[in-house]
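First the structure, in the form of structure tokens, and then the observations on it.
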Amino acid sequence: MNLILLGPPGVGKGTQAKLLIDRFGIPQISTGDILRAAVKELTPMGAKAKGYMDSGALVPDEVVIGIVEERLAQADCQKGFILDGFPRTVPQADALGQVLSGMGKSIDHVVSLSVDKGELLKRLTGRRACANCGAGYHVDFAPSKVAGVCDACSGQLVQREDDKEETILNRLAVYEAQTAPLIAYYQAAGLLRSVDGLGTVEGVQSGILAAIRA
């Protein structure tokens, strides 16, 4: 089964991907992870990417696609894969389709997880980290025993810049601008499966399984 997992920051893609990996025995492919791995291993495409990254430039689509193609050609992808965070744009989706076609493969389902903006803000702005040991907490879902104090080392709990409301709103705006055309693209192709990301981890997983088996 070849899946694409879409969803805004804070929707729970990582958690759901792990459950799907365990259930289907297929790898999760995150472009950030495979880009770093390709650069470290100096694969042909990794070497190209390193040149751009060393100069502070964005890695162009054709190099990212090449790295994705290298990864999809590996043996553990023969039974399927989960693409997480890729494609991000319609041109990337077109290029991915061409790569897969050349490999005799195609995307089976595109799962789009959605949660309303208020809930996403609550999930993300509530995150706290210990300034001393790095332990993670959440003011609503996983609070420390003493407010603002780490249970493990008594360090101060802080909110990262990435978790501040203004930063999150900007990230969500970028995601929506990029992904709206992509959702329309996959909907037109008959591949989109929309799943409500609000609920328990198990409940959302059941929703995903029902959607891809429908």
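Cβ from N, Cα, C; glycine included.
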Looking at the candidate ranges 88-125, 126-163, report the one that Swiss-Prot labels region 'LID'. 126-163
Could you round the CA separation between GLY12 (ATP binding site) and CYS130 (Zn(2+) binding site) to a whole angstrom and send it over? 22
Can you figure out which of THR31, VAL59, PHE86, ARG160 (the binding-site residues) comes closest in space to VAL11 (ATP binding site), comparing Cα atoms? PHE86
When the Cα of CYS150 (Zn(2+) binding site) is compared with the Cα of each of the binding-site residues GLY10, GLY14, ARG88, ARG127, ARG160, which one is closest? ARG127
When you put ARG127 (ATP binding site) at the centre and draw a 10 Å sphere around its Cα, which of the binding-site residues THR31, PHE86, CYS153, ARG160 have their Cα inside it? ARG160
Nearest-integer angstrom distance between the alpha carbons (Cα) of GLY199 (ATP binding site) and PHE86 (AMP binding site): 25
Cα separation, ARG160 (AMP binding site) to CYS133 (Zn(2+) binding site) (Å, whole number): 14
